[in-house]
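Asker: Annotations per TrEMBL:
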- 1-19: signal peptide (SIGNAL)
- 117-310: domain 'Peptidase M28' (DOMAIN)
- 336-364: transmembrane segment (TRANSMEM)
- 379-599: domain 'Endoplasmic reticulum metallopeptidase 1/1-A TM' (DOMAIN)
- 385-414: transmembrane segment (TRANSMEM)
- 420-442: transmembrane segment (TRANSMEM)
- 454-470: transmembrane segment (TRANSMEM)
- 476-494: transmembrane segment (TRANSMEM)
- 515-535: transmembrane segment (TRANSMEM)
- 555-577: transmembrane segment (TRANSMEM)
- 584-606: transmembrane segment (TRANSMEM)
- 613-836: domain 'Endoplasmic reticulum metallopeptidase 1-like C-terminal' (DOMAIN)
Amino acid sequence: EARGAPLVLLYLLALRVLAQVSHRQLLSRPPAAAGPRDFSAARARGYLDNITAIGPRTVGSPENEVLAVNYLLEQIRGIERESTDAHKISVDIQRPTGSFSIDFLGGFTSYYANITNVVVKLEPRSGAEHAVLSNCHFDSVPNTPGASDDAVSCAVMLEILNTLSKSSESLQHAVIFLFNGAEENILQASHGFITQHEWAKSIRAFINLEAAGVGGKELVFQTGPENPWLVQAYVVAAKHPFASVVAQEIFQSGIIPAETDFRIYRDFGNVPGIDLAFIENGYIYHTEYDTSDRILTDSIQRAGDNILAVLKYLATSEKLAKSFEYRHGNVVFFDILGLFVLAYPARVGTIMNYITAAIAFFYLSKKVLQPKPRAVHNLKKLFTAFSLTLTSWVCTLVAVLMVAVFVSIIGRALSWYTHFYVSVSLYGTAAAAKLILVHMLAKKFFYKNMNEQYLGDVFFDASLMIWSIALAAMTQMGLCSAFICTLWVAFPLLTKLMIHKEFSQKGPTIKFIGMYMLGMFVPYLYMLYLSWTVFEMFTPVMGRSGSEIPPDMVLAGFIVIFTIILSSYFINFIYLVKSTKTTLVTLTTVFVVTLILVCSGIFFPYSSDAANPKPKRVFLQHTSRKFHDIDGNVVKSDSGIWINGFDYNGISHITPHVPEINDTIRTPCEEQAPFCGLPWILPVHFMFRLVKNWYLPAPEILPRSPIQFKLLSKELMPRNSVRLSFEVSGPSHMSLYVRPRTGSALSRWSLGDGVPVASLGGDYFVFYSRGLHAAPWHFWVQLTAPEKHSDGIVSLAIAAHYFFGEDQKSPQLYALLERFPNWTFSSGWSCTYDLFVF
């Protein structure tokens, strides 16, 4: 053991440090001094500071529709005046109105009116037939400055426009810069541009600049669809590459509850593109802490260098004009420690994967069949080790998830949110200890008196067999991430072939361990590098994933998966060394001590540290509700402050600070009303349990600009259908909820493509937003109805949300927000809710 397990642990620790250092070095490279044709982070920071100084830029607010737009136009006009004669700059202000349905968040329909896009086209003096699009958004979510999401991207785009316009070299194609003013309203402005703007027809590819964190490295996490030439463009041009097809397949699986404008350009514009996002420090994404001073100048420089280089490459590429000729095929891509990107066609990857798996299966079959008289015996031993390895993984997963369930039940979820090392000490040590325990017991009782070297050899082959099957299966499923399995088959197999003689020696020697670890260096280093990226993305998401998903189970599951992967080729050491008791006792001790500390509550989940805050997110809506019957009479009304905690812990940590927010005021569900009669701004009801939100009684609110909701007409249509037409005027954000009554069905409406899209649960949700000076909203719904419908054919509710201005916060809401502890980010607004039956 003195030469085995401790050396393995030191090896993994050293690789872990190396992977972390490689991540940090991605940002530590000092930017070169900016020349006249180079991207200047200093100028971009000036743009960023000025945009965020405007304050929160909610769609429909003067800050977004006037101040931000005027600032962008002022800078663009200044850039235009200083541009060289090689370029022509055109500027257009677009204010589109439109509607579309999307299956995001369970499915809903979006309607927008008179929102704002600032569009700039940089092209050769002689004009250009084709264009590449660069997209950012200057709006922000309410109550936040939105520095990383997405002001910094707009600042980067302004500086890229400035840099390109001053170049004496003419571009071959046009570059269109879209500063879109309504992305946070679920991708409305990009839809208005790509479906309605005259320049959209010329776009052959796009780059979308987004954020899931505050600064750091910008990760390429989506490309395509297909069009592998785009990835090759990034590979060739990007100066500081950071890209992963693994991130792409994770994001597109829907595990992360998010979407970007990439979705709109892909689905409604049929345009391929590249999606980039800042991913570091997602703890303060969409909070008041997302300020410009938290974004490093090096991050801005790095992003600017990359995006400028890729845009220039695309704007001078022959492939852009003939993109349709290169559109077929997917691509496998991943960066190597941020130094460069490996990319190759998925079909090549498929061939490589199958060849690698075939070689591994050939090696294993040859091992089993030699000598032939012992083939059945060898096969039995291999499958026994295979089964035992899988059993140890299942036992480990179940045991660690049980710990996570226990921690969640006793109210200690997210103890690791501010202290990530706690999750490793708790779930990582539990996983490693359980794996060792299962194999230690198997060695002691099942494999008693068997040759240790033989067992080590068999369990190595069992791991190789598992990885080979996984490689073949993932390749068959068409997953580009199968390249990871290739690493875990090819390098271990080569290592085994190089040191097969040492496997038969008595006990692992220092030489054997050294050569073994050297052979495993590449897959282990890459997996640790990848795991750092995954945890950097996912850990903050657990603080905003709603009250339905136990975050400890999710994180524990990830830790078990990575523990299983990293231990798969070290399980054989348990059989090679004489004893693993010391390692097992050490891991168990760390686990038990950490569990005791977690249960004691010493690890508080949230932090108000000024330098590195990790706040709890709470949303408060001062609501006045009225429920009308079929005759228009108010049958019920109430007012209160509706409170939602955005994580699994609810308000258990807040009650000591605000005692009246407690379990006695849990929100009741109004069963007869769509979406429980609650004023959801988006259809995220499935992410929140009603037992984990609260309704604190409060005085009625009387907005100075109340909503006006009118039934304009009722028409009888063919086939027992009724068409109801409505007019609505109100604030910039409204939510419409529709539920057909028993026996009725919603068949058509004037929204989206005309076909109603139901949300999870069967009700229908429409999200409405507008810019300034929009006309009243007119729409109709058509329902098939039974001949007798004395209790009505449809329940229809409308909620008006006041995100800015004099109606945003009532005195009661202000007073309550002031009492919340400083480790919370509490976002509040006022709203009204009216339910009608027709």
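All positions are counted from 1 along the displayed chain.
Each residue, glycine too, has its Cβ placed from N, Cα and C.
All annotation found in TrEMBL is predicted automatically rather than curated by experts.
Looking at the shown structure, can you explain where the listed features end up?
Answerer: Tertiary neighbourhood of the transmembrane segment (336-364): same-chain residues 19, 22-23, 25-26, 217, 228, 231-232, 234-235, 238, 240-243, 329-330, 382, 461, 464-465, 467-468, 471-472, 474-475, 478, 480, 482-483, 485-486, 489-490, 493, 497, 525-526, 529, selected by CB-CB distance under 8 Å and a gap of 6+ residues from either end.
Counting only same-chain residues 6+ beyond the ends of the transmembrane segment (420-442), those with a CB under 8 A from a CB of the stretch are 388, 391-393, 395-396, 399-400, 403-404, 407, 459, 535, 539, 555-556, 559-560, 563-564, 567, 571, 574-575, 580-581, 583-584, 587-588, 590-591, 594-595, 598, 603.
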Asker: May I ask which of the stretches 385-414, 454-470, 555-577, 584-606 has the most CB pairs under 8 A with the transmembrane segment (476-494)?
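Answerer: It is 454-470 that shares the most Cβ pairs under 8 Å with the transmembrane segment (476-494).
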Asker: List, by number or range, the same-chain residues at least 6 past the transmembrane segment (385-414) whose CB is under 8 A from its CB atoms?
Answerer: 426-427, 430-431, 434-435, 438-439, 442, 446, 455, 458-459, 461-463, 465-466, 542-543, 550-553, 555-557, 559-560, 563-564, 568, 571, 595, 598-599, 601, 605, 647-649, 652
Asker: Within the domain 'Endoplasmic reticulum metallopeptidase 1-like C-terminal' (613-836) only, compute the mean pLDDT.
Answerer: 93
